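Everything on this sheet refers to the single structure shown next.
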Amino acid sequence: MVTLLLIDDHPLVQVALEAALARAPFPFLLLSAEDENRAREVLASQPVDVVVLDIGLPDSDGLQLLKFIRRHFPALPVIVYSAQEERLYQRLAAAAGAAGYVAKRQPMPQLLSAILAVLGGQQAFPPASGEEEPASALTSKELQVLGLLAKGLSNLQIAGQLNISNKTVSTHKKNIMDKTGASSVVELAGLWKSQR
């Protein structure tokens, strides 16, 4: 039996996922958590085979929770299941360690396919709809810089906090913009903040 942890604050998602799992080729045990605290409790108390995570949780930053899961449970695949459809969110999820990304507007069988794919060791991200995918995921340093930009820190403040030069901060900002396709740092920071 495969144990799946759904981290989502919408009860209807659980009902729909239960119906989809009933059609899966093998049995699932569905656990649920409506917030980060409950998710951490479940993860600490029993083994889980796959996580489906809504990054738009009301009480926390789902991307930070994703990073926590990757750090403490590195072999545990996580699929981000979100109402956000912009490519930027998919890239941020991938950079934070997600194994897949499914938009909530997709039919439930799409989520089930993604779950089966990541359980088989594959990734499950939407195709790149004609646009070229950025070269690679954000590095950990770029993610740090992005988080500090979102908090409104200047280049100089970021340089001081991370013990790097102002020029290095500028390089990281340019790389973040190139990799995510954001048209401005303000747009990038705004999108990042909207997940909090």
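Including glycine, each Cβ sits where the backbone N, Cα and C put it.
What TrEMBL says about a protein is an automatic prediction, not a curated fact.
Quick look at what TrEMBL lists:
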DOMAIN    3-119  domain 'Response regulatory'
DOMAIN    131-196  domain 'HTH luxR-type'
MOD_RES   Asp54  4-aspartylphosphate
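Of all the Cβ atoms in the protein chains shown, 21 others lie within 10 Å of the Cβ of Asp54 (4-aspartylphosphate).
Under DSSP, residues within the domain 'Response regulatory' (3-119) fall into helix, strand and coil as 53 helix, 24 strand, 40 coil.
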